[in-house]
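Here the structure comes first, spelled out in C-alpha cells, and everything after it is commentary.
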C-alpha cells in the first residue's frame, strides 16, 4: 500500500474502530478478491465488534492499494459515507495514466513496493543512464518465468548500486516479472556473524509482510536463515526479486542460493560461478561520458552546464568520468563552490584522502574505497598487483609482457589476471587477440600514490626482467605482444633512473632501425624530445644528431617496403655518430657482397627542414598550427583530417572528414575544435580531443569551399568561409548554430581566401575578380576594396589577375596579398600601395603568410620552393628547398619560431625560421656530363645562374666556373681529353669553352631552336648537336664548318654515336616515331625506320652493334637487327610511356623503364619477359619508383642494374629484387653517370644537389 493511503488509515484508525461493523464490510471485500475466507474467519473469531474492527484494520494495513479502495467502496455501500469521506482524499490511483503522471516518473504504488522492500531512494543528484538501465532490465525480463541471477559488476564507484535501485523503479517490470515485491539487502564485506544478522533482518521484513499473527524467533544460524528464506520465497513471495548489493565473496552469495530471482551488484564478476541456476551478466562502464558527468556537477552547484568553469572538464577528464569521484567532488563543491581549482589539483596530485566523504557512500575517502578491493587478494597476488604501478594510463598490455615482468609461465599469468579482472581490479579488452589488460586511471593513480617511494624500484624491476628475458636476442618485431617493449622500455628506463641503459639504447642505430620499422619515426622522435634532458647529460650533440636524422628521414621510414636505415644514415654528416655507426655496419655488410653507397661530397646545409612528415596519401592542400603551437592539423586529397604533434609528427587524431577533397582546416581560438571545408560544399566542426563530429552546418554554399578561418580571439567566436560561388561567396557562421549568421556581398567571382584582422574587426577576402576587399565583421558591410588587377598593366581585360590569398601584418596596419608571381603590401587605412615584391617569373605564388611577431613573410611557390622575405626592407631572406612538387600552403607558428609548408608531394615540412637562409651553394641543373678516368672523374653542369661549372668527381669541388650566359643552357658535354666543354643553349647557339681557362673558344650558330643534346667525337675534332628544330648538325667546331642532317619531322632529343672501322655512324631518334641512321663522313641517311606510332623516347645499341632497341610513348619497346634493319621482338606489357632502355653488357638482356616507375627485364634470345622490378610494391607516392624511370645501367658482370626516377635503385638482375635504394633530397632525376667499374655513381636532383656516390668496400678490402 502506498504511503499516503497507509498514513490515512493509521490516522483514521481510532474513528473507524469505534463505528464500523467488520462483518458487513468483509463480504464486499471478499467479493473484490482482496480478502480471503481464512482472513475473514480470523477477524470473526474475535469476541467483540471493536476487536473485530481492530483485526480487520490490521489485516488491511498489510494489503496493497486495491484493498484500500475495496474497503472505501464497502464503506459507501454500507452507508458509512462520513467514514468514507475521511479516506477519499488519499485514494490511490490504479490506472496506467495515473501511474505515469508523477514528476519523477515513479508512481506512489511503485514507491510503496520499493519502500516495503527497503530499496534505497534516488541520490540527491541523479543522472539517468538509459542504455545501461535498458540492458539490466532486459536481463531481468529473462527471470520472468524462471529463477536465476543477474550480476551487475564493475569497479568501485562506477554506479552499480544506484543503477540497481533505479532499474526497479519501473511499474511494468514489477507487474510483469516481480508482482510479489522487490527486496533489497546490503551485504558488503562481512564475517559470518554479520551475514547472519543481515539475513535475520531480511527474514523479519518478509515475515512482517505476511498476515500471520504468530511471531517467529529469528534464525540462529546462517543455514537456518537460508532455509527460512527459501521457504518464504517459495511459499509466500514466489515471484519477487531479491537485490543483493555489494557482494564480495562467494561464500556469502551461496547463503542466498535459494532458487529465487536475484539481482546482485559486485566488483567480482565470477561470484555466480559458485551458485546454481541460470546466470546473466551486465558490465557497468568505468566512467560517464563527459556530458553526463558535467550534468552531475551542474546539478550539485545548481548551475547550467555551459556556465561551468573550464576546470569542470579537466576534473571529468582526470577521473575519466568516474561517477563516484564526480559525485564526491560535486558534493564538496556544493559546500565550497570556489574550490574547483583546489579539487582538480588534488586529483592531479593524487591526494585522494582529501576528497573525503560527503555522500552516502560506504567509505570515508576515495582511497579507502579502492584499497578495500585490494585487501581481499591473497598476499602473493597483492605483490603482483603492486607491480602494475608501472603501467601507463590508457595503455593496454598483453599478458606476455607481464609474464616477463613476473617471471611466470604465460598460463599462470593469465590465471592471475583473470582473478584481477573478476574482482574489477583490472580491465580486459576482448576485441584484441591475445587479450590486452589495462587499469582505470583512478586505480593507477591510487597504486602510484600508494607505492610512491618504490616507483623507481618497480620500474627498475621491469627493466631488469626485460634485460634478462631478452639477453640473447631483442624482442621479435613480428610478434605483436612484443611491441610494448619497443614503445615503452625507454619510459621504464627513464623512470627507473637507469641513465646509462637509456643512453646505450637510444644512441644505437640498431634500436632506431627496429623501432622505426615497427612504429614509424614519430614515436622515436617523441622519445628524443621526451627524454632529451636525460640524454643531454650524456651527450647533447649525439642526441641532436639522432633526432635530426629521424626528423629529416621520417617520411622515408613510413615507406613500405621499409628502407635500409643504414643506407639512409650514410647520408648524415661524417662527424655524426649516426654516420659512424652506419659506416661500421655498412662495411661489414659490404664484405658479404651487399651494396652500400657513401655520398662523398655531401654538404648537409643548415637551411634544410627540421622535420618532414608524410601524413596523407595524396596532396596536402592545407596545414595549420594550433593556437598554442603544440599541434598541427592537415587535410587534402585523401579526404581526411589529421592532427599530430608539432615536435615529433606523432599522430594524435585521424578521421575521414568529407566525401571529397578537404581544402582547408582551422583550429578554434581555444584549440578545442577544428573546422573543415571541402569540395563537397560542406563545413564541419570537430572535437579535437575525442575526434567526433560536433556540428555539420547547413549546405549554403553552391560551389566548393576554398578556405575557412576562425576569429583570432575567443571574445566572440566566428567562423568565416569563402567559396567559388558567384555572389554569395563569403559567409560568417556562429559555431553554435547550423545556419550562417551573415553573408558578405561584393565579389562577383570565386573568393579564394579569407582571413580576420588581428583584432577581429575586419575580414579580408581575395578573389579571382582581381580584387582584395575588407569587410567590417560586425555589420558584414564592405569597408574597402583594392583593385589588385590594375597593378598588372599588361593584363588581359577578360582574364583578371587572380588574387590567391592575403595576410595581415602583426599590428594589423598593413594587408598583404599575392597575385601571379607578385606580393603587394598595402596600408590598411589609406589603401596605398607600400611595396611590391616579385618572385621568379617562372612560378606563381600559391599562398603567403606574415609572421605574427616580425616583418617576415613566407611565400609558397609553384616551382616547389618556399621563400622568406622581409616585407619592410624588400629583401629575400631565405629560400627553403626540399619539396618535390607544388607548395600549397605556408604558415608560421604562433611564436614565429617555426614555419610549416604543405605540398602536392604528400609531405609537410617544418622549418626553423632563424636557421633557414639563402644557400651559398649554387643549385646545379640536371643537364650534366661526366668524363671518367681510372683515378677521378670530371663533372660539368650548368647552374641556376646560367653559368657552366666544372667540378671534381672525387670531392665535388668547383674547378672552373664560366661567365653567366645570356641564353639558358640546355645541354653540355666534355671532350675525351677534358680540354673542351660544349654548351647548347635555348636560343639555338652552341659554345665551346676551353678548360681550365674558361675562355670561350668558339660560338656556333645555326640551330633555330633549343639545342637538346651535344657530343664530341673521340678525336675531339667533331661536335655533334641535335635540336628542337628537328635537325642534327655535325660541326668541325674549330673552323665553324657544319654539315646538317635533315629528315626528322619532330624535335631530336638525343642521338647515339657509333664508331666503326670503316666510318662513324649516328643513330638518331625523334618524337616523329622514327629512327634514322647516318653516315657521319658523308652526311648521308643510311636508314629511315618508322619504329613506333608514338614518339620514340629512347634508344640503345648493344655492345656488339648487332641489336638496337627503341622505346615509345605508345607503351611498347622494340628490338631491331642492325644487319637486316627489321624488328626482331615487340615488347608489350608496360602500362605507361616507356622512357628508357639499356642492353646488358653480354647482350643477353634488355631493361626497359616506364613512367609508372616499373622496370622490365627481357630475354634477347626470344623476347620473353624475365622479370618485373618491383613486382607489386608501390611506394608512398603510389608509384613503383617515385616517378618516371629515366636511366638504366647494367654492371660489367651483368648481375646488377641501377635505375633513376624519383630516387636511385639497384636491382638484382637474377631475382628482380631491390638490392639498395638511395633517396636524394630532390626528385625527378634525369640521368646517372656510372663509372666503368660500377663503383661510382653521379647525378643531380631536381633541387640542384650534386651526388657523387661511391660504393663501399668491405672491411680490410
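The backbone N, Cα and C atoms fix where each Cβ goes, and this holds for glycine too.
DSSP assigns residue 157 (ATP binding site) to coil in the three-state reduction, outside any helix or strand. Residues or ranges marked as ATP binding site by Swiss-Prot: 154, 155, 156, 157, 158, 159, 160, 161.
Residues annotated as domain 'CARD' in Swiss-Prot, with sequence analysis given as evidence: 1-90.
The domain 'NB-ARC' annotation in Swiss-Prot covers 106-417.
Counting residue by residue with DSSP, the repeat 'WD 1' (615-654) contains 0 helix, 22 strand, 18 coil. What Swiss-Prot lists as repeat 'WD 1' is 615-654.
Taking the repeat 'WD 2' (657-696) as a whole, pLDDT averages 95 in the prediction. Look at Swiss-Prot and you will find 657-696 tagged as repeat 'WD 2'.
Marked as repeat 'WD 3' by Swiss-Prot: 700-743.
Per Swiss-Prot, the feature repeat 'WD 5' maps to 798-836. Long-range contacts of the repeat 'WD 5' (798-836) within its own chain (CB-CB distance under 8 A, at least 6 residues past either end) are made by residues 749, 752-753, 755, 757-759, 762, 764-772, 774, 784, 786, 788-789, 791-792, 843-855, 857, 859, 869, 871-872, 874.
Same-chain neighbours of the repeat 'WD 6' (840-879): 607, 804-810, 814, 816-823, 825, 885-892, 894-896, 899, 901, 903, 905, 911, 913, 916-919, 1246-1247, counting only residues six or more beyond its ends whose CB sits under 8 Å from a CB of the stretch. Residues annotated as repeat 'WD 6' in Swiss-Prot: 840-879.
The repeat 'WD 7' annotation in Swiss-Prot covers 882-921.
What Swiss-Prot lists as repeat 'WD 8' is 964-1003. Mapped onto DSSP helix, strand and coil, the repeat 'WD 8' (964-1003) counts 0 helix, 21 strand, 19 coil.
For the repeat 'WD 9' (1006-1045), the DSSP-based tally of helix, strand and coil residues reads 0 helix, 22 strand, 18 coil. The repeat 'WD 9' feature in Swiss-Prot is assigned to 1006-1045.
For 1047-1088, the entry in Swiss-Prot reads repeat 'WD 10'. Here the repeat 'WD 10' (1047-1088) is broken down by DSSP into helix, strand and coil counts: 0 helix, 21 strand, 21 coil.
Long-range contacts of the repeat 'WD 11' (1091-1130) within its own chain (CB-CB distance under 8 A, at least 6 residues past either end) are made by residues 1050, 1054, 1056, 1058, 1060, 1067, 1069-1075, 1136-1143, 1145, 1147, 1150, 1152, 1154, 1162, 1164, 1166-1167. Annotation comment: Swiss-Prot describes 1091-1130 as repeat 'WD 11'.
Per Swiss-Prot, repeat 'WD 12' is recorded for 1133-1172. Sequence-distant contacts of the repeat 'WD 12' (1133-1172) (same chain, at least 6 residues past either end, Cβ-Cβ under 8 Å): 1094, 1097-1104, 1106-1107, 1109-1113, 1115-1117, 1119, 1178-1179, 1183-1194, 1196, 1198, 1201, 1203, 1205-1206, 1211, 1213, 1215-1216.
What Swiss-Prot records for 1184-1223 is repeat 'WD 13'. Outside the repeat 'WD 13' (1184-1223) by six or more residues, the chain places 553, 556, 561, 563-564, 567-568, 571, 594-597, 599, 884, 1137, 1139-1146, 1148-1149, 1151-1159, 1161, 1170-1175, 1177-1178, 1229-1232, 1234, 1236-1238, 1241, 1243, 1251, 1253 with a CB less than 8 A from a CB of the stretch.
When Cβ-Cβ distances below 8 Å are used as the criterion, the repeat 'WD 1' (615-654) is approached by residues 521-523, 525-526, 529, 551, 554, 660-667, 669-671, 674, 676, 678, 686, 688, 691, 885, 888-889, 891-895, 898, 900-908, 910, 1180, 1182 of the same chain, each at least six residues removed from its ends. Those residues of the chain, other than 154, 155, 156, 157, 158, 159, 160, 161, with a C-beta within 8 angstroms of the mean position of the ATP site C-beta atoms are 265, 267, 284, 323, 324, 424.
Taking Cβ pairs closer than 8 Å, the repeat 'WD 3' (700-743) reaches residues 660, 663-670, 673, 675-683, 685, 749-756, 758-760, 763, 765, 767, 775, 777, 780 in its own chain, all 6 or more past its ends. Comparing Cβ neighbour counts within 10 Å across the binding-site residues 158, 161, the minimum falls on 161. Neighbour density for residue 156 (ATP binding site): within 10 A of its CB lie 26 other CB atoms from the protein chains shown.
The Cβ of residue 155 (ATP binding site) has 25 other Cβ atoms within 10 Å, all protein chains considered.
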